[in-house]
Amino acid sequence: MKGNLNLICWNVKGLNHQVKRGKVFTHLKQLRSGIARGTAILIDSDVPLESSNIISDKNGRFIIVSGKLYNKSDILANVYAPNVDDVQFFKRFFSQLPDLNSHSLVLGGDFNCYIDPLLDRSSPNPATPSRSAGYIKSFLADYRLSDPYRFLYPTGREYSFFSHVHHTFSRIDYFFVDNSLIPET
């Protein structure tokens with residue numbers, strides 16, 4: 001992939017409040033972006049993307065865009081997973097992805113589970129990873145996908161969610177990319 005690709009995950013945590021909804025839609029309008037259901041992939045008009053196929057979940061849980069990005073076969077996918085341990089959801093979602101042997105994948109979104117129980121949670125109490133996290137980790141290994149944040153910060157502890165009930169922070173929002181997109185050191 002030529003050029004730099006900036007990846008941003010923006011979890012607005014619901015749009016039920018009128019002021020928040022107004023600010024979000026005003027900002028998205030300024031970005032000249034389209035909005036559809038619960039997930040979106042926003043691409044700057046200067047980025048050379050030729051989409052050939054778009055798959056969107058009827059419940060707004062994911063969107064998958066296949067095509068040529070910088071003249072290279074790529075898949076861009078965004079997910080908003082259920083906030084329960086639902087391995088079947090991930091099986092259905094991953095089965096919708098086109099051939100990963102001929103495309104590079106950029107996958108991001110709210111996975112609603114932590115992948116690394118030691119680094120992705122603020123709680124000092126040990127935790128068992130969810131079944132979904134185990135399935136995701138297997139998928140990442142099978143298709144040679146990496147977490148760019150973890151590549152840059154192997155022991156970093158940044159969080160994207162706060163649980164008021166448990167008074168803990170967790171990292172549940174991720175990007176995973178084809179290893180070929182991670183620069184060699």
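Backbone N, Cα and C define each Cβ position, glycine as well.
TrEMBL lists 90-181 with the feature domain 'Endonuclease/exonuclease/phosphatase'.
Taken from TrEMBL, the feature Mg(2+) binding site covers D110, N112.
Here TrEMBL flags N112 as site 'Transition state stabilizer'. In this structure, N112 (Mg(2+) binding site) belongs to neither helix nor strand by DSSP; it is coil. The Cβ of N112 (Mg(2+) binding site) has Y80, A81, P82, N83, V84, S132, I172 as same-chain neighbours under 8 Å, each 6 or more residues away in sequence.
Under the heading site 'Important for catalytic activity', TrEMBL lists D173. D173 (site 'Important for catalytic activity') has a Cβ environment of 20 other Cβ atoms inside 10 Å.
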Sort the residues of the domain 'Endonuclease/exonuclease/phosphatase' (90-181) into helix, strand and coil with DSSP and give the three counts.
27 helix, 22 strand, 43 coil
